[in-house]
């Protein structure tokens, strides 16, 4: 019997690794990305490349403009993307309810295609301030998924997977390399240019660069100032 999984795919390092993990577990993968009003589209271009390279059966990009709401440095140009390293509290790069919105889209698609597994790249190590990247959030969403769907109510349970939630960036990179992920395709930068070149100074770039250093792996990221 074919096992189908919906994998949230941003085009970044973490979600690319999770897509490879789902495939390695024998799932037929369906990749889901969202054009939510983020500062650049190069991560979605990266998502297309990654989905193709890692053999996703289908890749969908859903349009849902969260810029209408704002509330995040990633969707509101009036807010600056931080470059000074991690701070206490919830980072301003948190997009209100983004993971919940995307998981709900994934849940609907999964039920439609007969999939019962959702994968996403939540990580509590690098971004412990994000409320929707905690283990208790993952467990709570799985409970919701099984209360809110026909399949769940009838006992055909959904499972929500966050396989990198307790991994360091170096561990994620090493795992991805073992699975054949080409990280040169991925875009993690909050301020990447139209060609996908990273700024090198935002917090996401800093964490990514440090991860490659800690993993002892050459950094394939293309930087704007290189």
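Don't overthink the numbers, they just go from 1 along the chain as shown.
Positions of Cβ are set from backbone N, Cα and C atoms, glycine also.
According to Swiss-Prot:
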type	residues	note
BINDING	9, 10, 11, 12, 13, 14, 15, 16, 17, 18, 19	ATP binding site
BINDING	189, 199, 202, 205	Zn(2+) binding site
Comparing the Cα of residue 9 (ATP binding site) with the Cα atoms of the binding-site residues 189, 199, 202, 205, the shortest distance belongs to 189
State which of the following binding-site residues has the fewest other Cβ atoms within 10 Å around its Cβ: 189, 205.
205
Cα distance (Å, whole number) from residue 189 (Zn(2+) binding site) to residue 13 (ATP binding site):
10
List every residue in the same chain as residue 17 (ATP binding site), at least 6 positions away in sequence, whose Cβ is under 8 Å from its Cβ.
121, 164, 172, 173, 175, 176, 179, 181
Of the binding-site residues listed as 199, 202, 205, the one whose CA lies nearest the CA of residue 19 (ATP binding site)
205
Return the count of C-beta atoms lying within 10 angstroms of the C-beta of residue 11 (ATP binding site), excluding that atom itself.
26
CA pair residue 189 (Zn(2+) binding site) / residue 11 (ATP binding site), Å rounded to integer, equals 10
Simplified to three states, DSSP reports residue 9 (ATP binding site) as coil
Using DSSP, would you call residue 19 (ATP binding site) helix, strand or coil?
helix
Taking only the binding-site residues 199, 202, 205, which one has a CA atom nearest to the CA atom of residue 11 (ATP binding site)?
205
From the Cα of residue 15 (ATP binding site) across to the Cα of residue 205 (Zn(2+) binding site), what is the distance in angstrom?
15
For the C-alpha pair, I'd like the distance in angstrom between residue 15 (ATP binding site) and residue 202 (Zn(2+) binding site), rounded off.
19
